[in-house]
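Engineer: Submitted below is the structure of interest, expressed as structure tokens.
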Amino acid sequence: MDTFQVIILALIQGLTEFLPISSSAHLILPAELLGWEDQGLSFDVAVNTGSLLAVVIYFRHELWNMFTAWIASIFKGKQSDDSKLAWWIILATLPAVFFGFMAKDFIETHLRSAEVIAVTTIVFGLLLWWADKMSHQDLTVYQTGWRKALLIGFAQALALIPGTSRSGATMTAALMLGLSRDAAARFSFLMSVPVSLGAAILVGKDLSESSLPIDYQALTLGTLVSFVAAYLCIHYFLKIISRMGMTPFVIYRLILGAVLCGFIFL
């Protein structure tokens, strides 16, 4: 890949990973418009690592408090709001892990298509709009509870379907269950840490077993660009939803889905 392609793809990954707009839908567009080939496993690992570092650094205080409280709950039996939140995040991760292993081959074979991505981009955009407008949103992230956490976890598993958007599915479920917009976004961001880490490890394992050449300069640039884009995305997204809600992202998803349908069916 040349430098321009690295920057564009890393920007797409960083900007769309944490927005409820589907990163897979956006990664189709460069291929359709510019004829770019698949970027390969090594680049996937690099840009995912950049996004993971962004959320870890942005929420470093919350994550550290959760980690220390979680350790205390195990070894000292001390329960706190942060330890409960840590356990809920772990619980919410389990459905995606289970269904990821069980349905990986089926998804890769039958659902990873432009048609599926176009349809899910529109359908789950409408669900996000409904959840944002119709649900009663007053719970904080510390009021989630294990039942709601598990249901949000199943929504995250549903996002294994390309075009759904992990952030979009989890935020939609959280809003439907009564979490505030800020709480829904924060819970979704925190949930991304174990999932992204696990995915990076699995893809990294596949990469280590591959004999393909590695362009370390491109990977370094991709990681850096993805990190900066994702960090800024998280910061400004939290500000936008506090003022405008999810409507801008719903409109964007509908337009994007229509554009994809145009490329596919016209």
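Glycine is no exception: its Cβ is also placed from the backbone N, Cα and C atoms.
Straight from Swiss-Prot, here's the annotation block:
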TRANSMEM  1-21  transmembrane segment
TRANSMEM  39-59  transmembrane segment
TRANSMEM  87-107  transmembrane segment
TRANSMEM  111-131  transmembrane segment
TRANSMEM  149-169  transmembrane segment
TRANSMEM  183-203  transmembrane segment
TRANSMEM  218-238  transmembrane segment
TRANSMEM  246-266  transmembrane segment
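Provide an account of the burial state, proximal residues and distances for the features listed.
Structural biologist: Tertiary neighbourhood of the transmembrane segment (1-21): same-chain residues 27, 30, 36, 39, 43, 46-48, 50-51, 54-55, 121, 128, 165, 167-168, 171-172, 188-189, 192, 215, 218, 221-230, 233-234, 237, 246, 249, 252-253, 256, selected by CB-CB distance under 8 Å and a gap of 6+ residues from either end.
Remote same-chain partners of the transmembrane segment (39-59), defined as residues 6 or more beyond its termini with a Cβ less than 8 Å from a stretch Cβ, comprise 1, 5-6, 9-10, 13-14, 17-18, 186, 189-190, 192-193, 196-197, 199-200, 203-204, 206-207, 210, 212, 214-215, 218-220, 222-231, 233-235.
Long-range neighbours of the transmembrane segment (87-107) within the same chain, counting only residues 6 or more positions beyond its ends whose Cβ lies under 8 Å from a Cβ of the stretch, are 66, 70, 73, 144-146, 149-150, 152-154, 156-157, 159-162, 187, 190-191, 193-195, 198.
Within its own chain, the transmembrane segment (111-131) is flanked in space by residues 20-22, 24-25, 28, 32, 161-165, 168-169, 171-173, 175-176, 246-247, 249-250, 253-254, 256-258, 260-261, 263-264, which lie at least six positions past its ends and keep a Cβ under 8 Å from the stretch.
Here the transmembrane segment (149-169) has long-range neighbours at 17-25, 88-89, 91-96, 98-100, 103, 107, 111-113, 116-121, 124-125, 128, 177, 187-189, 191-192, 195, 249, 253, meaning same-chain residues at least 6 beyond its ends whose C-beta is under 8 angstroms from one of its own.
Sequence-distant contacts of the transmembrane segment (183-203), counting only residues of its own chain at least 6 positions beyond either end whose CB sits under 8 Å from a CB of the stretch, comprise 17-18, 41, 44-45, 48-49, 51-52, 55-56, 58-59, 62-63, 66, 85, 89-90, 92-93, 96-97, 137, 139-141, 143-144, 149, 152-153, 156, 166-167, 170-171, 174-175, 234, 237-238, 241.
Distant neighbours of the transmembrane segment (246-266): 19-22, 25-26, 28-29, 32, 114-115, 117-119, 121-122, 124-126, 128-129, 131-132, 168, 171, 175, 181, 240; these residues of the same chain sit at least 6 beyond its ends, with a Cβ under 8 Å from one of its Cβ atoms.
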